[in-house]
């Protein structure tokens, strides 16, 4: 189905809104899908799949020191996190194309199965190489799940209503993100760390079965397999994956294995950034007739601004989730499980604020006030976190978290719908995939940037630790690894105070820099325009109804075969003829009555 951009109205002209930034109305709206058992089964299954992928993104934040110690990972600790994010990030744009070419069903099912396979490999790992390989496979599956959840929601729900449903699904993601540290700490305290990964298998298995039975969607079945495969932008994908790997690998080394100014970091980073520039040029060229990331997605300032906001939001969200546990365990001396409990104020605010933000956008059809409020609260929250120290009371670290996470939650469900507001529905899959990539890319930088700041600042302060053996053990990027109550309890009172002070001051520096990133997000909100949100749905990928493909066109199903489309077209023409005849008869009766 096609879409078109309406001409500018007087109101648009008055507001300075360009045609490319107006709402794109559906040329031929698809009737809304019934919200029956099948609809909710799909949403629940995808919600639980999304929950597990989010859980795996943060569950290692409290479990990682134990895992690294058991597998003797040393300075490879960042790869246990970044291996997951690399796998999740690099192939996400490809999943958008796969969803357009092969439909939504099999990419979703295979992504879920891949995530479960990676979980099993991680759970059985006996060395760091196996763990990192498993985390990478997990990440690839998670990347597909995250993209396809958003695409399927776009297929089912009109743009104006998506905020509410994204709030529910992202609420599940928020639960996984916020509960990850708690479950990670609980598991390593009371069971084997391997259950950090085995936990996914029963829950993910149920979700996979539900998707196998219920996720059946329309797509163009007339294309041959060869045509489908050749229509994918393989060259662009190869350039993109290489560039992302060249960026993410040195990010995991920086400040741990090599200094940020070393050639081992700068050379691959520059190559990766140059690769991304080359990728964008390739996507705009005639050599990419079906680009993975069409440049038209960035052709209006609203979508382009929200892509940047998505990246920054992910950076600051992961910033808090990965480094508050360092404060709880290393400075306050909490156990891993109790550090997870101390992080619970985040979840208490993320979920209701996400529901509030998504509900408000669906209700009033506006998003700029939500974005301003969200980023302002995040700035305040980061500023308050700089005040934390060894003597901070419970009220402070609870309240400061809640303020920051409330602002973060408001924004979560409102970003993707705003990206799509100025775009055609036919771009939903590639827009969702690009948005998901930037979100995941931001999560990676959200561990790398504060990690580098934390390690560099700690190394500067480590000279104040008088014990030479302890100083050597925690320097050179190893402070994060030793930020546990178990390690702190082995120190003498004097050394312990010095170590805790260095940790706290290093964290203070990370919060200070975090303020700058949140402020940058606030500034980018000014570049957005308030674009009307479409209330109608227009998609070729609606849920397939095998019983009523042609019998009940009012259900919004799209006939899949040529014969079905022929009969559906004849029925539509017949209905139009009957309606025209009825209107003519009514006009004749009205005219006769008037004359009499």
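From the backbone N, Cα and C atoms, a Cβ is placed for every residue, glycine too.
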> Looking at the ranges 6-26, 195-215, which is given as transmembrane segment in TrEMBL?
Replying inline: 195-215
> In TrEMBL, which of the ranges 39-64, 455-480 has the transmembrane segment annotation?
Replying inline: 39-64
>> Any contact between the transmembrane segment (139-158) and the transmembrane segment (340-360)? By contact I mean 3+ C-beta pairs closer than 8 Å, pairs at least 6 apart along the chain.
In response: no
>> Take the C-beta pairs under 8 A between the transmembrane segment (436-454) and each of 165-183, 195-215, 262-282, 303-328, 400-424. Which stretch has the highest count?
In response: 303-328
> Restricting to the same chain and to residues at least six past its boundaries, which positions have a Cβ under 8 Å from a Cβ of the transmembrane segment (76-96)?
Replying inline: 53, 56-57, 60-61, 64-65, 67-68, 107, 111, 118, 128, 131-133, 135-144, 146-148, 151, 232, 237, 240-241, 244-245, 248-249, 251-252, 256, 292-293, 322, 429-434, 436-437, 440-441, 443-444, 447-448, 451, 480-481
>> Suppose you look only at the domain 'Major facilitator superfamily (MFS) profile' (42-533); what would the mean pLDDT be?
In response: 88
>> Given a Cβ distance threshold of under 8 angstroms, which distant residues of the chain, six or more beyond its ends, lie next to the transmembrane segment (400-424)?
In response: 2-3, 5, 20-24, 150, 154, 159, 162-164, 166-167, 170, 173-174, 178, 296-297, 300, 302-303, 306-307, 309-310, 313, 316-317, 320, 324, 343, 345-354, 356-358, 361, 367, 370-371, 373-378, 380-382, 384-385, 387-388, 431-432, 435, 528-529, 531-534
>> With a cut-off of 8 Å between Cβ atoms, can you find at least three pairs linking the transmembrane segment (195-215) to the transmembrane segment (340-360)? Only pairs 6 or more residues apart in sequence count.
In response: no
> Does the transmembrane segment (372-388) make contact with the transmembrane segment (303-328) through 3 or more Cβ pairs under 8 Å, each pair 6 or more apart in sequence?
Replying inline: yes
> Considering only Cβ pairs under 8 Å, which range in 39-64, 108-133, 303-328 makes the most contacts with the transmembrane segment (165-183)?
Replying inline: 39-64
